[in-house]
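J.: Not my notes, these are from Swiss-Prot:
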BINDING   G11, P12, T13, A14, V15, G16, K17, T18  ATP binding site
BINDING   T13, A14, V15, G16, K17, T18  substrate binding site
REGION    36-39  region 'Interaction with substrate tRNA'
SITE      T102  site 'Interaction with substrate tRNA'
Amino acid sequence: MTKIKIVVIVGPTAVGKTALGISLAKAFNGEIISGDSQQVYRQLDVGTAKATQEEQAAAVHHLIDIREVTESYSAYEFVQDAQKAISDIVSRGKLPIIVGGTGLYLQSLLEGYHLGGQVDQEAVKAYRQELDQLSDQEVYELLQVKSITIKQLNRRRAIRALELSQFADDLENAETAYEPLIIGLNDDRQVIYDRINQRVDRMLENGLLEEAKWLYEHYPTVQASRGIGYKELFPYFVGEMTLAEASDQLKQNTRRFAKRQLTWFRNRMAVGFTAITAPDYPQVVHDRVRDFLGQKEKS
């Protein structure tokens with residue numbers, strides 16, 4: 001079977017994945033698929049670092065704004081949606097370029113997990129509602145009953161593990177249909193941390209506070225509100241923190257998230273990284289893609 005070539009750009013938040021994706025899309029006749037679990041939500045633009053309207057005009061983007069904030073979204077659904085997007089892009093003679101930082105989503109796609117049959121979404125929803133009625137202790141006890149172990153014990157991870165166990169028969173692990181070129185972006189820790197701090201400041205200047213307040217006032221408990229960028233500002237709205245304190249908390253949590261992303265990509269996906277401050281960084285990446293596609297450099 002001839003595998004479909006795809007380019008996958010990974011790295012910590014704020015490292016510049018979107019800009020590189022657009023650059024590659026322009027150079028290699030590509031279209032971008034968002035691999036970010038938060039960018040699927042409509043009306044959440046600033047806090048999710050969604051590609052701007054100008055950026056989306058520069059290159060076609062898929063899997064952005066495909067869910068309402070009241071809806072949940074899972075790795076299963078991402079794999080389905082990404083497979084459809086890849087098929088669509090390839091059918092038009094273009095290169096699929098996946099850009100994102102949600103490691104579980106990307107790993108699920110690249111390692112060949114797909115839905116063996118149509119998962120009954122109503123059954124998934126009903127099971128999740130059952131779990132929502134349980135206390136934390138009852139959820140953890142259910143993990144033990146099912147002999148499920150997870151590394152970091154918290155309610156959200158526990159429920160995900162229980163759902164995976166419950167619907168495991170609906171999944172197949174098959175040889176992946178894709179040949180990926182994985183491009184990892186990174187740099188010295190302080191460079192990344194400075195970029196994160198600067199981006200949080202820009203987000204606050206560009207409407208993050210208003211976006212977070214709207215989410216807090218209308219949908220404070222939905223899955224989308226748990227993403228980094230929103231929940232850190234909720235204490236400010238009720239007077240438990242000053243804006244400066246909430247901003248610092250957001251920066252700290254984002255830095256921690258970036259560290260977890262890097263750990264995932266190194267340990268789960270064996271990604272090698274390119275320093276974004278290297279003088280030849282853009283050219284090196286473009287050359288890698290050109291070699292991967294078997295293209296000659298234009299004179």
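Cβ coordinates come from backbone N, Cα and C, glycine included.
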J.: Excluding G11, P12, T13, A14, V15, G16, K17, T18, which residues of the same chain place their Cβ within 8 Å of the centroid of the Cβ atoms of the recorded ATP site?
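T.: Once G11, P12, T13, A14, V15, G16, K17, T18 are set aside, the remaining close residues are G101, L185, R195.
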J.: So around the substrate site, T13, A14, V15, G16, K17, T18 aside, which residues have their CB within 8 A of the centroid of those CB atoms?
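T.: Apart from the listed residues, the neighbours are G11, P12, A19, A49, G101, L185, R195.
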J.: Just the number: how many Å between the Cα atoms of P12 (ATP binding site) and T102 (site 'Interaction with substrate tRNA')?
T.: 10
J.: Mind checking how the region 'Interaction with substrate tRNA' (36-39) divides into helix, strand and coil residues in DSSP?
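T.: Residue counts for the region 'Interaction with substrate tRNA' (36-39) by secondary structure: 0 helix, 0 strand, 4 coil.
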J.: Measuring CB to CB from V15 (ATP binding site), give everything in the same chain under 8 Å that is also at least six residues away in sequence.
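T.: The answer is L185, N186, D187, I192, R195, I276.
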J.: Do you know offhand how many angstrom separate T102 (site 'Interaction with substrate tRNA') and T13 (ATP binding site) by C-alpha?
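T.: A Cα-Cα distance of 10 Å.
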